[in-house]
Amino acid sequence: MTPHQVRWRAFKAAVPYTLPILAGFAFLGLTYGIYMHQSGFNFIYPMLMSLTIFAGSAEFIVANLLLQAFNPVGVFFITLIINSRHLFYGLSMLDRYRHTGWKKPYLIFGMCDESFSINYTATIPDGVDRGWFMFFVTALNQSYWVGGATLGGLFGSTIPTHIKGLGFVMTALFIVLCINQLRHESNHLSSKAGAILAIVMLLIVGQTYFIPATMILVILVFTIVYRQKELTDDHH
Amino acid sequence: MTIIEQIITVSMAVLATVLTRFLPFLIFPGNRQTPRFIQQLGTFLPGAIMAMLVVYCYKDLNFGTPSGYVPAIIAGLVTAGLHLWKNNMFLSIAVGTVLYMALVN
């Protein structure tokens, strides 16, 4: 295969996986752009922020913080807390992003919830280049988000938003990917721990901190299991 | 805020986000053997992550009124049920989303 054919084949394999995200990101990106427009910002703001931050919930919060007193340290830490979940994505992708050459920095930069979930769970067909497949998933997803945010910022409230509820496409996507993950794993300890701890932490510490709190507890669960396994391995 | 302060504010958000994405790769670079604990942690985590993301999507439920949680839960259960039954990603997502939109409109 020529390099062109390799790229084309990976692109064709990647597009279908990103279609639900096209619907979700176009809609949520538009919402974000409209929100920025209504907060009085030029469309350049949502365009550049979606391109450079590229983390949905953080962008909404930064939009808010831009309207308040200058507090760079506060922005840094709130973004760090909201996006702490990315640390888990990186740990899971250490192996899969290996040997992807110059694409690796971009794959890591563009590792949003959706791109991580697809690149981790997708069964990439034989004969399709993994690096290019993951590259196209990541780049397509980012282009949908930036496109939506820019259009929303440009046209603001003139865009009809009676497509109420389309954002649910992201929830449906994660439910489906969660089930795919359940089908692939040999035991469900991790999934059960994640679900139960996340719900309990959401109830106890609330929306802002429940993700990092859950992450710490999940690592704790893993450490206990890992230790026990090592102990029993030593006995044999 | 002045334009410079705005640029700094956005840059701080970029820096923090980039840090959360790159840190594991910087601590455990590809040219060195990753410790066994971290390798196994990496294969353990995705189950917990996916479950966490689903909970994350439901974090804004409002139990004060039925319209605040019934549509999202019904559409979610239908999406899950359909996917367990037919195992067709696009069908499950499309039906679940259209059902949700029908329920909230």
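Using the three backbone atoms N, Cα and C, a Cβ is placed for every residue, glycine included.
The transmembrane segment feature in TrEMBL is assigned to A:17-35 (among others). Under 8 Å from some Cβ of the transmembrane segment (A:17-35) lie the Cβ atoms of residues 43, 46, 50, 56, 59-60, 63, 114, 118, 122, 136-137, 140-141, 144-154, 156-157, 159, 161, 163, 166-167, 169-170, 172-173, all in the same chain and six or more residues away from its ends.
Within the same chain, residues 28-29, 32, 35-36, 39, 41, 74-75, 78-79, 82-83, 86, 109-110, 112, 142, 145-146, 148-150, 153 sit at least 6 positions outside the transmembrane segment (A:47-67) and bring their C-beta atoms closer than 8 Å to a C-beta of that stretch. For A:47-67 (among others), the entry in TrEMBL reads transmembrane segment.
Residues 53, 55, 57-58, 61-62, 65, 107-108, 111, 113, 116, 119-120, 208-209, 211-212, 215 of the same chain lie 6+ residues outside the transmembrane segment (A:73-94) yet bring a C-beta within less than 8 angstroms of a C-beta in it. Annotation source TrEMBL lists transmembrane segment at A:73-94 (among others).
Under the heading transmembrane segment, TrEMBL lists A:131-154 (among others).
Look at TrEMBL and you will find A:166-183 (among others) tagged as transmembrane segment. Here the transmembrane segment (A:166-183) has long-range neighbours at 20-21, 23-24, 27-28, 31, 113-114, 117-118, 121, 191, meaning same-chain residues at least 6 beyond its ends whose C-beta is under 8 angstroms from one of its own.
The annotation transmembrane segment is assigned in TrEMBL to A:195-226 (among others).
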